[in-house]
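Asks: Take a look at this one; I'll ask things after.
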């Protein structure tokens with residue numbers, strides 16, 4: 001049985017009316033608000049904010065010193081991006097040459113910049129925008145510009161929050177003089193106080209400021225023409241029987257006489273081919289390493305079992321030594337034969353899609369306009385081969401940038417893609433919201449008396465620090481599951497994968513970090529029962545006054561502090577990557593393989609996950625910026641440290657990536673939503689404070705229909721004010737798959753120019 005329900009329930013139930021519940025608890029002690037909460041989340045004097053700040057600062061300094069050591073001592077972990085030849089990686093996967101530096105430039109850059117243990121920090125602060133764009137690309141420029149706009153926004157918000165809202169809250173007289181932190185919150189202002197209107201005005205002002213800053217940033221995010229990238233269309237639902245590109249060219253020439261097709265490239269199922277190509281290049285690098293190494297040091301013997309580095313047994317046949325160069329040469333020859341065999345069969349695995357390139361962008365725009373009404377039954381222009389190409393079934397889009405395409409996923413589409421997508425996300429929803437929210441984990445810890453020693457200490461140093469640390473830890477760990485699920489969904493482009501990631505993570509984080517802790521609910525199971533069960537509120541020990549308790553604001557202030565210091569420190573350390581990096585090195589077979597692991601370890605920056613994480617923290621700060629103005633300076637601290645950390649990681653630790661420009665608008669939309677939460681919080685505060693008056697006015701509506709709809713409106717609109725809240729390249733290569741462009745093309749594999 002849920003602990004919030006008594007075992008014996010009275011037969012008489014009152015009508016489901018939130019305002020009745022508010023009035024019913026008006027005279028009860030606020031000390032019981034935490035009765036259904038985890039013991040480690042109970043309030044302390046001033047919320048333990050100074051102590052939590054000092055402890056987090058100490059942990060942050062420790063993280064900086066540890067990372068300064070790791071980046072040079074632990075296999076150049078902190079400088080992987082500089083030590084990796086991105087030119088070879090780009091050529092391997094995309095078949096095109098970058099206009100960046102030569103392969104030796106990164107090494108020279110390392111020697112020039114890394115002259116001391118903390119020189120990297122000074123270099124990041126002094127780094128110019130041109131340097132960053134040259135190394136990291138336009139996506140990094142737009143992402144960091146987004147953060148700079150947030151820094152300026154919070155600099156503006158700190159002034160009214162600390163100079164106007166904070167003194168107004170402190171001027172109230174509802175709380176005792178010894179309630180230092182409580183007097184800084186809106187709970188100290190009486191319901192009859194004439195200054196409450198100022199809070200509403202500034203709440204709307206915050207929204208206007210946020211909107212202006214984000215619109216100014218959004219003006220720089222415009223999809224720009226990228227040469228022939230916009231001259232290429234992706235056509236799907238082509239009949240697989242068509243193997244001659246001339247038929248496609250003929251159709252476009254007859255249906256659109258003003259349009260000239262230059263190239264047609266059919267799509268193929270490349271999953272196995274890409275896998276073999278990656279393995280072959282991996283082995284080739286090992287052979288080249290030992291060929292060069294043997295010239296200087298003579299013949300080298302290695303043990304090729306994956307556990308040879310952790311097992312020193314010499315008797316087992318599995319651990320026998322072999323000639324390194326011979327081993328990699330034989331393995332490369334075997335994989336090359338498999339690759340060529342698979343490539344010779346590639347024309348038998350044609351997909352129902354093709355890339356069609358035209359002479360200029362006006363032609364592609366004309367064709368897209370003709371196909372935009374096909375969903376409504378309007379057929380596009382026809383030709384003499386319309387019955388063969390079945391153009392009335394086509395779906396036509398602008399082709400993505402070559403660096404954005406995930407070629408191995410093009411074969412997964414239609415029913416199989418949607419079935420896979422729905423299965424993954426339904427399972428994810430059940431797992432995340434009903435089984436593994438932070439609240440339910442903490443409650444489980446209480447059930448097994450894990451937190452009893454913490455309760456006995458009765459020390460704000462422990463209680464507040466542990467509570468905010470746990471919330472941050474789960475808020476980091478659980479979204480990783482959401483983030484990882486996006487890789488299983490087999491999106492066609494990195495932009496779409498990042499887009500799904502940012503929306504899923506943001507939705508999950510807002511519920512997990514803001515809504516569920518503020519409602520005092522352990523999971524969505526309890527949330528739906530509170531929302532839909534007509535008897536739940538009559539018997540649950542949930543109190544609406546708890547939403548605006550001083551300790552509520554203190555909890556979220558501590559959470560933002562923890563995210564600012566420990567969170568950015570862990571981002572710098574990248575503990576997850578360090579763990580996997582160490583494991584892969586431990587199970588590597590040879591030094592040549594370890595060199596390749598260092599190159600493979602460099603991943604692209606996950607903009608989707610980072611946008612959702614930043615937007616969530618900004619939403620927390622905005623939601624409590626009026627009711628608890630002390631949180632705003634810590635929001636500024638967070639975005640400043642996050643900016644420096646991400647700037648370093650983008651330059652030193654991640655490989656460049658290429659996304660659609662309009663993808664970066666996602667962060668703009670989510671940040672604009674943040675101040676709206678603050679307005680809702682003020683609405684809920686007004687309902688709680690003026691519950692009796694509002695209830696009297698509602699009773700004047702005698703019509704059953706009006707009462708019914710008003711009850712629904714009250715229930716759904718006032719829901720979040722519920723009980724127990726807590727403080728919180730050249731595009732001419734576009735259509736050719738990279739794995740095919742590195743080798744001589746087999747006859748019939750690719751189309752020909754028109």
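Including glycine, each Cβ sits where the backbone N, Cα and C put it.
TrEMBL annotations: computationally assigned, not manually curated.
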Asks: According to TrEMBL, which of these ranges is transmembrane segment: 129-149, 150-170, 171-191?
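Replies: Based on what TrEMBL states, transmembrane segment spans 150-170.
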Asks: Of the ranges 376-397, 398-419, 552-573, 574-595, which one does TrEMBL list as transmembrane segment?
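Replies: Within the set 376-397, 398-419, 552-573, 574-595, TrEMBL attaches transmembrane segment to 552-573.
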Asks: Checking feature assignment: transmembrane segment per TrEMBL, candidates 505-532, 701-728. Which range matches?
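Replies: Result: 505-532 is the stretch TrEMBL calls transmembrane segment.
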Asks: When you scan the chain for residues with a C-beta under 8 Å from the transmembrane segment (150-170), skipping those not six or more beyond its ends, what do you find?
Replies: 183-186, 188-189, 195, 198-199, 202, 205-206, 209-210, 213, 614, 618, 621, 625-626, 629-630, 632-633, 635-636, 639-640, 643, 671
Asks: Mind checking which residues reach the transmembrane segment (195-215)? Cβ under 8 Å, same chain, six or more beyond either end.
Replies: 149-150, 152-153, 156-157, 160, 164-165, 168, 171, 186, 189, 622, 625-626, 668, 671-672, 674-676, 678-679, 682
Asks: Average the per-residue pLDDT over the domain 'CSC1/OSCA1-like 7TM region' (421-691) and send me the rounded value.
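Replies: Result for the domain 'CSC1/OSCA1-like 7TM region' (421-691): average pLDDT 74.
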